[in-house]
Amino acid sequence: MASRKGSVVNRSAAGSVTDSNRSSSTYSFGWPDDGRLGLGSALPAHIPSGGQTPSCVADPYPNFSFSFRNEDSVKAVSGGGRHTLYAMADGRVMASGWNAHGQCGIPPAKMGVPVEGTDAHGHPYKIPAGNFGVYAPQNVAGLKSGGRPVFVNCVEASDATSFALTGEGALYSWGKGKFGMLGQETDEGEDPERDEWKARLMAGPMSNPERGIGRSPVKAISAGYSHVFATLGGGRTFCWGRNHHGQLGLSEDGDGKTKLVAPWIGTPAELKWRKQEVIMKISCGHFHTTALIEVTRPDMRVEITLFAWGCPDDKRLGDCNPAMSHVPQEVHSITRMAKKQHWKFKDVEAGGAHTLLLEKYNGLVLAFGQGKYGQLGYGDVWDREEPVMVIGLRSVTDLAAGARHSLALVDRVTSSDATDGELYSFGYNNYGECGLGDTAVRLQPHKVNGLVNADVLAIAAGFKHSICITSGVAKKVRDLPEYQQYLELLRSEGMLVYDAVKTKMEAEGLNPDYLDTPDLILPGQPGIEDKPAVYEGSEPGMQYCIDTLANPDSMEVIMKQRGTYETTYRCVRCNFSHVCLACARHCHGHHPVRVNFKLRHYDDTCECCKHDVCNIRWSHIRHEFDKLALRNEDRMIAMEELQDCLEGLRDDVEERRGGLPLTTKQKEDDLKAAIDAMHERHKVKAEEQAASGSLRDQKEAEAKREEKDREAKEKKRKKMERERERAEALKRGGRVADAPDPEDSSDEEEEIRIHFKDFERWYLEYFQEEDLGEEEDEADKKQLKKG
């Protein structure tokens, strides 16, 4: 799982944002066990479940565990099996997560000793006895040369072994040593598979190995589950670690056949290439390896193609010969596709059992290998030997492949800075590793909307978690294009145009108060508060129970759910074995549920809807009501909007009233009578509630208070506007008529707002099986017949 480099940013004091315009630049999401997310504790109470797995962080969570001084900004990150490595701006390396083998660079905790303390958020935590987790990032020990600290540029994490690469090409290793993963020279009698908690120089300048890499500077490193590849200058490659599937690519001739050299190698051995093959990048998966190579053909054509070797299961080697999987082979299907489409590849990422390829000019993504969990992103779950195009991705600049999920960084089209990007994820998501706010498997790329207001610079994927680095810059008012023109106008023209500019801003729906506070940090941005970056909107098709959708606008969503694999849920509390994703979020959000991922049949129905306990059942009545209600924060409509709602339900009203079209006069009378009936219903309901002493529950009372606060702010704004108009009129020598102050009107009626449940009950009662009446005159009857 290769690390990713991002630009260095400055940040302010821990846990807050100051006028320095900084915010958290590191986000983690996924499985928080053992502290691999580095959030300061195992799962403090202030971290919401984020989805249907109670103990996962399914939304990107800002990492406030660092002290947020300038030197504490993160420039590179790597996710391993159960731990995470951070390369800091000042050259240090920090680590968090499982530390049973010392992979976090600190001595492993002693068994039987519980640990208690307070995390960086100020929340107390207790780590039970025998837990080896490091829950807040700690400095890695031993990264020194000649007694002085070294400057690390790149970090790499495998299953339980860690690596750090300096700018001079010196390579350090620490952690689990099984299968010779440390790659270090051993003295006589020393165990080559020992664990090492302190970082130790193993290759590069100033090292003293007699074999292996020696003093040659290392340019790049990639680590799989239990094997490692290092790339040196001139395209030389060295490898060490486990070789049981031939993932090291080392073989020897015996009896006329090639065979594996050894099941594992503890000292780096060189994997040699032909002169016409130049290594561009090597990426290690769990038990396979891929290499992007520039090949010079016999006719002197230069092509960039892919080689693969190692475990051939799940078609992770493409169309390579499985019988020769321990030897590097060209993936001919990639070569053919590149030649046919005139493509050139610039990056490769190997995941658990799949591989992602990045095209150079258009930023397209190809994938092959295991597709069981949707990690190939092409809309199905079959393993693919031939490469498939990842759906909907273009202008991709960076890739990361986890054990069963994938990440892609896409250029933000509207940005002038090519490094600013948006994050997309797809694949297995049972632990929230896709960062989409739930635990549903994604067969196609989905945008991580929680970070839509952040500029993502670098990404990394671990086995069950993901990490990303953003610019760490919180946007101010002056950064918004819609406000820049007015701020510039005020700066050039001065206070003479102050009032006119504010009036124009208000007319265009902008906040005129922002003109006075250009350096105000905009609220709601990710990373400026100690809370997850949650997307407030809802995904298309997830507003209603999927099995009740009958709206033509949502038919596309229905067809995608039918006849294919789908993530459903089993609610333990309600004893429902099949609950759709929408109901799992809205109706069972606080219930213990379990994830199912299976082929959906046409006769499958959400049991939440089937047992008539669904709170988000789709209906024509609700659809028309929500068109108006979703515009408001309280999801309710005012009495003045009732007529618009009934107009939208006109066809349904006519059907309930006998199926005949109504005359204009009847429509007007019908609407008036319906609205009067709704008023009367609210009046009776209010009297009953007043008599019983229970006006509203606490939630509705809080919503009412918020509504009053908004109304008070609106009154204040209108009052200031009238005073401004009066002042302008006096300047022109005119006179403004005195208007009554709305704040002085104490007898103003309270606005009646209607919830959908009340509206639906009233609507069905009022329009249920009622006749048109016998008061129609002959003219109306003739008009109906003509119609």
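Keep in mind that glycine also has a Cβ here, set from the backbone N, Cα and C atoms.
Per TrEMBL, region 'Disordered' is recorded for 1-28 (among others).
The compositional bias 'Polar residues' annotation in TrEMBL covers 9-28.
In the predicted model, the repeat 'RCC1' (24-90) has a mean pLDDT of 74. TrEMBL lists 24-90 (among others) with the feature repeat 'RCC1'.
Taken from TrEMBL, the feature domain 'RCC1-like' applies to 151-471.
Taking H, G and I as helix, E and B as strand and the rest as coil, DSSP gives the repeat 'RCC1' (169-234) the counts 5 helix, 25 strand, 36 coil. Under the heading repeat 'RCC1', TrEMBL lists 169-234 (among others).
The repeat 'RCC1' annotation in TrEMBL covers 235-295 (among others). Counting residues per DSSP class in helix, strand and coil order gives 1 helix, 38 strand, 22 coil for the repeat 'RCC1' (235-295).
Taken from TrEMBL, the feature repeat 'RCC1' applies to 304-361 (among others).
Under the heading repeat 'RCC1', TrEMBL lists 363-412 (among others).
The repeat 'RCC1' annotation in TrEMBL covers 421-472 (among others).
What TrEMBL records for 681-752 (among others) is region 'Disordered'.
Look at TrEMBL and you will find 696-731 tagged as compositional bias 'Basic and acidic residues'.
The compositional bias 'Acidic residues' annotation in TrEMBL covers 740-751.
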